[in-house]
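Trainee: Copied straight from Swiss-Prot:
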type	residues	note
TRANSIT	1-28	transit peptide
BINDING	CYS163, CYS166	[2Fe-2S] cluster binding site
BINDING	GLY164, SER165, THR381	pyridoxal 5'-phosphate binding site
BINDING	ARG220	substrate binding site
MOD_RES	LYS231	N6-succinyllysine
MOD_RES	LYS252	N6-acetyllysine
MOD_RES	LYS252	N6-succinyllysine
MOD_RES	LYS279	N6-acetyllysine
MOD_RES	LYS318	N6-acetyllysine
MOD_RES	LYS357	N6-(pyridoxal phosphate)lysine
MOD_RES	LYS413	N6-succinyllysine
MOD_RES	LYS413	N6-acetyllysine
MOD_RES	LYS452	N6-acetyllysine
MOD_RES	LYS470	N6-acetyllysine
Amino acid sequence: MASMLLAQRLACSFQHSYRLLVPGSRHISQAAAKVDVEFDYDGPLMKTEVPGPRSQELMKQLNIIQNAEAVHFFCNYEESRGNYLVDVDGNRMLDLYSQISSVPIGYSHPALLKLIQQPQNASMFVNRPALGILPPENFVEKLRQSLLSVAPKGMSQLITMACGSCSNENALKTIFMWYRSKERGQRGFSQEELETCMINQAPGCPDYSILSFMGAFHGRTMGCLATTHSKAIHKIDIPSFDWPIAPFPRLKYPLEEFVKENQQEEARCLEEVEDLIVKYRKKKKTVAGIIVEPIQSEGGDNHASDDFFRKLRDIARKHGCAFLVDEVQTGGGCTGKFWAHEHWGLDDPADVMTFSKKMMTGGFFHKEEFRPNAPYRIFNTWLGDPSKNLLLAEVINIIKREDLLNNAAHAGKALLTGLLDLQARYPQFISRVRGRGTFCSFDTPDDSIRNKLILIARNKGVVLGGCGDKSIRFRPTLVFRDHHAHLFLNIFSDILADFK
């Protein structure tokens with residue numbers, strides 16, 4: 001079986017390389033030296049349009065129970081492997097979106113399947129404890145093997161959560177408690193504070209604020225939603241807070257041609273940040289913290305320079321604001337470093353950092369001074385899931401053993417180079433190509449063309465994602481290799497050549 005599979009892959013690789021050399025070929029990508037992911041498929045295999053008939057039937061059934069309009073198609077996860085997602089109609093697609101950037105090392109990784117089959121791990125998957133009061137014996141050990149082994153600089157404290165929204169929500173609460181504790185000093189809670197907090201009034205509920213950026217996405221819970229400014233549909237009809245919103249830089253591309261303009265744009269945004277901090281202090285809505293993504297993701301894959309973030313960090317420190325870096329989507333290795341903020345080169349990059357998605361669990365790291373001063377202040381029933389810490393420990397081992405951070409940088413370079421070639425060939429469809437590692441994207445002329453390209457690509461066997469008003473984003477797994485990039489680029493080149 002193994003030898004037959006290897007032969008099939010070699011044949012596929014030969015055919016793939018051969019067609020790139022055919023005179024007059026409109027494919028732009030060069031064949032890469034193929035480094036196989038052992039549990040991967042050879043390529044896409046399409047049997048129906050997507051969604052196919054089985055998916056459509058299941059969508060109808062689900063729509064009876066809930067609004068299912070967001071569902072793209074139903075999946076067969078038993079058959080999905082590596083970089084390939086298989087749907088219930090038997091269509092096999094190269095997945096460059098990976099469950100909204102949340103699959104770290106591919107579908108059905110053999111090491112993870114082996115892990116869950118080991119008898120000593122069974123109880124961890126069957127029994128989900130309330131970690132805040134009844135953690136299992138090996139909880140600390142597993143945290144050390146998983147999350148604490150990749151802790152950011154200067155952050156020794158860790159609280160686990162279940163998802164990105166609850167990670168950010170509780171991180172915001174932690175910041176507010178830290179700030180009020182600074183103001184309160186050594187004294188305990190006053191009777192007035194204890195009474196007024198119960199009726200949502202000051203001084204028990206101080207009127208602090210969090211500064212966020214236009215285009216940001218930090219989650220859908222109430223506090224997070226007040227800092228989210230990417231799509232109106234996320235926020236409409238929901239009461240919110242009067243918190244400051246700063247502009248995020250809108251860089252011009254190619255970067256090397258617009259150095260001065262981009263520096264001026266970043267300076268403008270930083271000046272506005274400082275102005276808002278002062279303005280809200282005068283309004284008696286003191287800015288307790290600043291929250292920012294290293295790359296704005298849902299809002300359109302908006303980048304800023306490393307220098308912008310270094311200066312933003314300085315502003316937070318100058319004004320006594322906590323600095324919260326949201327690594328929910330950028331964390332876990334996709335930019336070529338485990339945490340995207342590592343690219344900034346700071347010894348003190350943040351006070352608090354949130355994570356989820358590729359980390360398989362949620363939570364946040366923070367400095368010692370942000371540690372809650374009493375139990376139950378940051379708390380919920382589960383506080384994450386220890387089975388996810390078990391899986392994450394193995395994921396981190398694989399990332400290190402297979403050098404997947406360097407792979408993300410290398411494969412990302414292949415992808416970005418190919419996208420730039422496509423941009424040169426089809427400037428009427430592709431602009432503002434940008435990326436860090438495999439965390440790449442480009443703009444289309446409008447959302448109609450963007451959505452049409454995503455649908456065509458899906459029916460050709462490639463899953464892509466949209467973001468912002470008109471961008472297409474790439475969020476492949478960490479086992480995405482150069483040859484996957486070239487495979488996609490050839491498929492997408494065909495699509496653009498025929499696009500009308």
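Cβ atoms are placed via backbone N, Cα and C, with glycine included.
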Trainee: Roughly how many Å separate the Cα of THR381 (pyridoxal 5'-phosphate binding site) from that of LYS279 (N6-acetyllysine), to the nearest whole number?
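Mentor: Pair distance, Cα basis, whole Å: 39 Å.
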Trainee: I'd like the Cβ neighbour count for ARG220 (substrate binding site), meaning other Cβ atoms within 10 Å of its Cβ, all protein chains included.
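Mentor: Cβ-Cβ neighbours of ARG220 (substrate binding site) within 10 Å number 16.
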Trainee: Through the lens of DSSP with three states only, how would you label LYS413 (N6-succinyllysine)?
Mentor: helix
Trainee: Indicate whether CYS166 ([2Fe-2S] cluster binding site) is helix, strand or coil by DSSP.
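Mentor: Note: CYS166 ([2Fe-2S] cluster binding site) is helical by DSSP.
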Trainee: Could you tell me the maximum Cα-Cα distance in Å between the residues recorded as binding pyridoxal 5'-phosphate, namely GLY164, SER165, THR381, rounded to a whole number?
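Mentor: Looking at GLY164, SER165, THR381 as a set, their Cα atoms extend up to 16 Å apart.
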Trainee: For LYS470 (N6-acetyllysine), what is the tally of other C-beta atoms lying within 10 angstroms of its C-beta?
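Mentor: Taking all protein chains shown, LYS470 (N6-acetyllysine) has 19 Cβ neighbours within 10 Å.
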Trainee: So which modified residues are near CYS163 ([2Fe-2S] cluster binding site), with CA atoms within 10 Å, out of LYS231, LYS252, LYS357, LYS452, LYS470?
Mentor: LYS357
Trainee: Would you identify which of the modified residues LYS231, LYS252, LYS279, LYS318, LYS357 has the most other C-beta atoms lying within 10 angstroms of its C-beta?
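Mentor: Buried the deepest by this measure is LYS357.
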Trainee: Mind checking which of CYS163, CYS166 has the fewest other CB atoms within 10 A of its CB? They're the binding-site residues.
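Mentor: Candidates: the binding-site residues CYS163, CYS166. Fewest Cβ atoms within 10 Å: CYS163.
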Trainee: Considering only the recorded positions CYS166, LYS318, LYS413, which residue has the minimal Cα-Cα separation from LYS252 (N6-acetyllysine)?
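Mentor: Answer for the nearest of the recorded positions: LYS413.
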Trainee: Using C-alpha atoms, which one of the recorded positions SER165, LYS231, LYS279, LYS318, LYS413 comes nearest to LYS452 (N6-acetyllysine)?
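Mentor: Ranked by Cα distance from LYS452 (N6-acetyllysine), first place goes to LYS231.
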Trainee: On a C-alpha basis, identify the one among SER165, LYS231, LYS318, LYS470 that is nearest to ARG220 (substrate binding site); the candidates are the recorded positions.
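Mentor: For ARG220 (substrate binding site), the spatially nearest of the recorded positions is SER165.
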Trainee: How many Å lie between the Cα of GLY164 (pyridoxal 5'-phosphate binding site) and the Cα of the residue listed as 'N6-(pyridoxal phosphate)lysine'?
Mentor: 7
